[in-house]
Amino acid sequence: TLFTLYSFLYVLRLNEGNNAGINIDERKKMERENFTIWSIFFLEGFSQYPRLEVVLFVFSLVMYLATLLGNSTLILITILDSRLKTPMYLFLGNLSFMDICYTSASIPTLLVNLMSSQKTIIFSGCAVQMYLSLAMGSTECVLLAVMAYDRYVAICNPLRYSIIMNRCVCAQMATVSWVTGCLTALLETGLALQIPLCGNLIDHFTCEILAVLKLACTSSLLVNTIMLVVSILLLPIPMLLICISYIFILSTILRISSAEGRNKAFSTCSAHLTVVILYYGAALSMYLKPSSSKIQKIDKIISLLYGVLTPMLNPIIYSLRNKEVKDAMKKLLGKIPLHKTHEHL
């Protein structure tokens, strides 16, 4: 992760250096070709609806604070509670950290712009925002598939679970998720920064890569191809793996004779499945619709819900559907005596 971040900053500095080093003849040539080097971008966001912006500011602020509190609490209890030192909660801690990073990359800028008449962002800030959003979103796609495999092993091969999902394997799977997400985001962002833009008004409330690419003077076959390949690798393929895992999980659960055993197996998977439906439902609704001005307005609303509401719901879903998490939270808040906690252990 650090390597990809340093690589991204190097590409960003190189791009800015190249922009700064363009001579007069090249700049005149670029102006004749009807594009220029933009150092600042304007985010249109919801500026056409000034009254709505106040409502969105309050909504986004409350959701962002709840996201920070809920996900930070979930990370804290997975670190402090010895009962939660399992692969499932290791991946859940990574998911919560991703949600914090994802929302922190865009929501603070959104809050400032909602209350400002000049909704602007500098080039480097736009690039960093684009990279972090892509990196966290891509990493979450892979991690959700990893979590589905973890649930498959836990239910379909319970006797071998501790052997298959040992600490080393879990660390490697989490690392693969992060590296895949960060490298694909680095590739997409690096290519997007090299495309000449014929405007600096982004029809979105963040530097979302598809909204930025709409400003391109000419379409790039290389960028479009890479975007398509990455989208296929990170959306349909992980979703297919998740579906296959849950087909085997459902088949195994239905063969459990006791109702109590079936209910326990369902409860361990329902939280993860709910998060998967929310995440992929929003992502597919954004990226599989045709482009038009009316749909673009709907996309901004969906993107806001996807970027603010879903990260806030994740810790709530896992805490409400999971007895171990609820007990750990009660222990952390001091609502149950310590001797009762030891009795549960």
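Using N, Cα and C of the backbone, Cβ positions are placed for all residues, glycine too.
Range 89-115 is the one annotated as transmembrane segment, of 8-34, 89-115 (source: TrEMBL). Segment contact holds for the transmembrane segment (121-147) and the transmembrane segment (226-253), given three or more CB pairs below 8 angstroms at sequence separation of 6 or more. Note on the domain 'G-protein coupled receptors family 1 profile' (70-318): its mean pLDDT in the predicted model is 84. Between the transmembrane segment (168-187) and the stretches 54-77, 226-253, 300-320, the greatest number of Cβ pairs separated by less than 8 Å involves 226-253.
Sequence-distant contacts of the transmembrane segment (226-253) (same chain, six or more residues past either end, CB-CB distance under 8 Å): 138, 141-142, 144-145, 148-149, 151-152, 155-156, 180-181, 184, 187-188, 191, 209, 262, 265-266, 269, 273, 276, 280, 283-284, 287.
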